[in-house]
Amino acid sequence: MIIRLEQLNPIIGDINGNLTLIEEAIANAEADNVDLLVLPELVVCGYSPMDLIEHQSFLDTVYQANDRLKVNSRDTAVLFGTITPNNNATGRNCFNSALLVQNGYKIAEVHKTLLPTYDVYDELRYFEPNNTFECIEFKGTKIGITICEDIWHNFELPYVTYDVNPAKELVERGAEAIFNLSASPYTKDKPHKRQKMLQQHAQRLGVPIFYANQIGGNTELVSDGDSMTISSDAEVVGRAPLFDEAHIDFKWNPKADMLENVGPEPAEVSAEIAQMFNALRLGLQDYLDKTGIADDVVLGLSGGIDSALVAAIATEALGAENVVGITMPSKFSSEGSVTDSEQLAHNLGIELHEIAVKDLYDQFNVALDPLLKDSPFGVAEENLQPRIRGTLLMAYSNKFGNMLLNTGNKSELATGYCTLYGDMAGGLGVIADLYKLEVYEMAHWLNEEYYGEEVIPSAIINKPPSAELRPAQKDADSLPKYDILDLILEAYIEKRLSITEIADQGFDIDTVQEIVALVDRNEYKRFQAVPAIKVSDKAFGSGRRWPLVQRWTSSRN
Ligand SMILES: Nc1ncnc2c1ncn2[C@@H]1O[C@H](COP(=O)(O)OP(=O)(O)OC[C@H]2O[C@@H]([n+]3cccc(C(=O)O)c3)[C@H](O)[C@@H]2O)[C@@H](O)[C@H]1O
Ligand SMILES: Nc1ncnc2c1ncn2[C@@H]1O[C@H](COP(=O)(O)OP(=O)(O)OP(=O)(O)O)[C@@H](O)[C@H]1O
Ligand SMILES: NC(=O)CC[C@H](N)C(=O)O
């Protein structure tokens, strides 16, 4: 039989639009004589619909769509992820399910067993878990159907140990292959980790695994696709490309123990920094496209590396004609702030405007003078500049409809090295989950590998980072160097190590203590921060919940 794994990019809540995508995929599969078309988890309603599920009218629309897919089904069997009602008297009112339909009939309805409820996932809040296992008879073969987390059973999962392994349960009941429908978001190293996890299953269970994942950005999360098939001897038979709508076909004859890729050619997995770039590019593109908020973006260009990288990502995501930079020199700006921004804008082919901030800044000080006059220059005066810039950028956004891009990185967001209602403004944090060292790495990679020439000027890459809020300011005056800071931050945020454990890795304990306290103390800023595209295992945002009012920080020091 011919099995097609199809990685679609559904939009959350756009049931009609998703039906169109699905029906196109079915028509193509019918035309190509595909026997079984496998679509991703919750493809009918998008992942994750969150509290839309609390609206019965939303559920009813999904149920009608399920029915339409069943009634219209023909020779090609379609296995798709959707919500189905729980008709039992108790429990949550619906399941996260997979339906198998063919020739107008529902052949199978399977519910997700392991409902991830950690980090960005909150599925137990909405769905009733499955607890019975049954194989499906398809073309004389027994297959086992699982949904996303079901197959991640106890594979490097944080804080959770499941006592049931759905794939194993199904193979024990005779499954000759495991199918998995996923809505699995990208994080660094995920394609490698995913492959290892699927290979481990194939090896332990001795059956092939067919894995179909969605692609696409949904606010913080970007699914990377990477649909693949693993043979019973744990070889990757073929995989679809990362971050692209695509399909991949396999010919499988379980009786003859034959499994092969029958096109398109399997994709190669790109280098990690390229994956991260593509996740950010697609995350931004889909945020604008799916919200319909704007085609164009605006951002402040400071002549620094962060805004330069965001401008480059935006240009690749949206096209140069849809990106506007504004340079806003103040009396503390270096000369390069304007000239380097001009060079960058020229290289990227984007529009650049200049607005002088100096007079506005002086006017603010004049207005505040009666209140502040005897006080020394400090944070209040420093922060006026990012706040003036934020106001000007938002005025441009309001007038011309361009969404403001936030350019803050994870190192700044972690330490609170950013100004509320100033440079924290914007609709989406494009690089807010990249540490500063990763910002540099991506800028180098762009010039050296992606463009193959110097598009981000070396003057921008090589200058010492500075907020330019007071004369001759450098980030290194207030923060440890980024090659120390970022490692401590990663050890604390991603690895959740204690102060002593971090210090034991060779860092000065006072520095570690100070940084950890900074991270904790600045949670209030992140609580108000823009949504950020997630590429790490622990990003700031919905997957990291920290009490604003707490005394753990002060009591442990
Ligand atoms: N727990 C809490 N809950 C609610 N609000 C809280 C709070 N703790 C303080 N606050 C309030 O927060 C305010 C202080 O925050 P905020 O006004 O943002 O200012 P603040 O954090 O004091 O200063 C901004 C820092 O970021 C640096 N910076 C700024 C801009 C850009 C960059 C860059 O390199 O990109 C760096 C700048 O050099 C300075 O060190 C105060 O008004 C305080 O009352
Ligand atoms: N002179 C400026 N003109 C235009 N925008 C600015 C200017 N200075 C700061 N910004 C905006 O505010 C953001 C915060 O910049 P800041 O210079 O404080 O330090 P940064 O976080 O190191 O960023 P960058 O590396 O882009 O300079 C910038 O990324 C940019 O969008
Ligand atoms: N939708 C899901 O169940 C996602 C969780 C799973 N661990 C993954 O990252 O793929």
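Cβ coordinates are placed from backbone N, Cα and C, and glycine is handled just like the others.
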Worksheet item: Taking Thr391, Thr407, Thr415 as the options, which does TrEMBL list with Gly300, Leu301, Ser302, Gly303, Gly304, Ile305, Asp306, Ser307 at the ATP site?
Response: Thr407
Worksheet item: What does TrEMBL list, out of Lys525, Lys534, Lys538, as binding the same deamido-NAD(+) as Asn383, Glu412?
Response: Lys525
Fill in: From Ser182, Ser184, the one annotated by TrEMBL with Tyr118, Lys190 for L-glutamine
Ser184
Fill in: Span of the ATP site, taken as the largest CA to CA distance across Gly300, Leu301, Ser302, Gly303, Gly304, Ile305, Asp306, Ser307, Thr407 (Å, rounded to a whole number)
12
Worksheet entry | Reduced DSSP assignment, Gly300 (ATP binding site) | strand
Discussion item. I'd like to know which of the binding-site residues listed (Ser184, Lys190, Gly300, Gly304, Asn383, Glu412) lie near ligand 3, counting only a CB under 6 Å away.
Written reply: Ser184
Practice prompt. Note the mean pLDDT of the domain 'CN hydrolase' (1-254), expressed as a whole number.
Written response: 97
Worksheet item: Inside 8 A of the center formed by the CB atoms of Asn383, Glu412, Lys525, which other residues of the chain have their CB, for the recorded deamido-NAD(+) site?
Response: Pro386, Gly408, Gly416, Tyr417, Cys418, Thr419, Leu420, Gly422, Asp423, Met424, Asn522
Practice prompt. For Ser184 (L-glutamine binding site), just count the other CB atoms lying within 10 A of its CB, please.
Written response: 24
Worksheet entry | Distance-selected binding-site residues near ligand 2 (C-beta under 6 Å), from Tyr118, Ser184, Lys190, Asp306, Asn383, Lys525 | Asp306
